[in-house]
Amino acid sequence: MVHKPVLLNEVVEALSPKDGSVYVDATFGGGGYSRRILETAQCVVYAIDQDVVVKKYFDELLQSFPGRLNLAISRFSKLREVVLSFGVDKVDGVVFDLGTSAMQLADASRGFSFMNSGSLDMRMCSSALRDAAMFVNTVPEKEMADVIYQYGGERYSRRVARAIIDARRKCRINNTGDLATIIRSAVPRSRVHPIDPATRTFQAIRIWVNNELEELQAGLETAAEVLKIGGKILVTSFHSLEDRVVKHKFRSLCDMGFSLINKKAIMPTDEEVKNNPRSRSGKLRAIARVE
């Protein structure tokens, strides 16, 4: 399954790639953002992704843009080191497309989705020390409930944590299918919001496993450090926690020589939502360095 980048037209319009410029695609994934940027101008893109699986998509895209595309398998928090490793000090723009890709969700062995039972993994980086199995089988009940509430917004977080603890006392929880069943037993289905009861808890576990909010904060800080005057940072987020981090960081940057490109987040059009339902929750925020 190929990942469809959300708000792609809006991102490229706001970024406005120029010939001779240098950009960072901080979430390469399937290469959707990188491809459009490279098609728009005779520029160079330095791509970053912590998932080694993306090398396949990078190799394919590199054939179309030899000498203009580079990849580093790394994290947001290492963005500055990555840029310097390519012999560059400052760049003209950095783009982030947050969350999981369609390829990650479609691969049951990665454990990101409960649609098909698979390993309790959820690691964006295969060398990371903690995974979803560690969370559900070792984390204490109170900490588990707090994570599920804070990162997933799950109002029944304590019931979910209790159900997981009770289940793991009987036997180790080994796959996403079993975990989803346990969660569903603790969360009543809503008639108003008919999403799967496991959705919020799976999101919370994924954020915990990958330290996502801290990585995002660090990524935004380092992106600001490597930006030229006139350069831009663009972030597409998919849930309120991500958007809050972006909004607060951008607000603080406005006191440090930056200016918001759009005062309000840009949302996908009705047509995009129709063609790509995943885009429904997407929000694009953009900021430029002016001094």
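Even glycines carry a Cβ here, placed using N, Cα and C.
Straight from Swiss-Prot, the features:
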- G31, G32, Y33, D49, F76, D97, Q104: S-adenosyl-L-methionine binding site (BINDING)
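A map of Swiss-Prot features onto the structure.
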residue : record                               : contacts (Cβ under 8 Å, 6+ apart)
G31     : S-adenosyl-L-methionine binding site : D25, A47, V54, Y57, F58, E60, L61
G32     : S-adenosyl-L-methionine binding site : H3, K4, P5, L8, D97
Y33     : S-adenosyl-L-methionine binding site : P5, L8, V11, D25, T27, V95, D97
D49     : S-adenosyl-L-methionine binding site : T27, F28, G29, L71, I73, S74
F76     : S-adenosyl-L-methionine binding site : A26, I48, F96, E215, L216, A218, G219, L220, T222
Q104    : S-adenosyl-L-methionine binding site : D51, V53, R110, F112, M124
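Take G31, G32, Y33, D49, F76, D97, Q104, the residues named in the record as contacts for S-adenosyl-L-methionine: the widest Cα to Cα gap among them comes to 18 Å.
Look at D97 (S-adenosyl-L-methionine binding site): DSSP puts it in a strand.
Around D97 (S-adenosyl-L-methionine binding site), a 10 Å sphere centred on its CB holds 26 further CB atoms from the protein chains shown. Classification of Q104 (S-adenosyl-L-methionine binding site) by DSSP places it within a helix.
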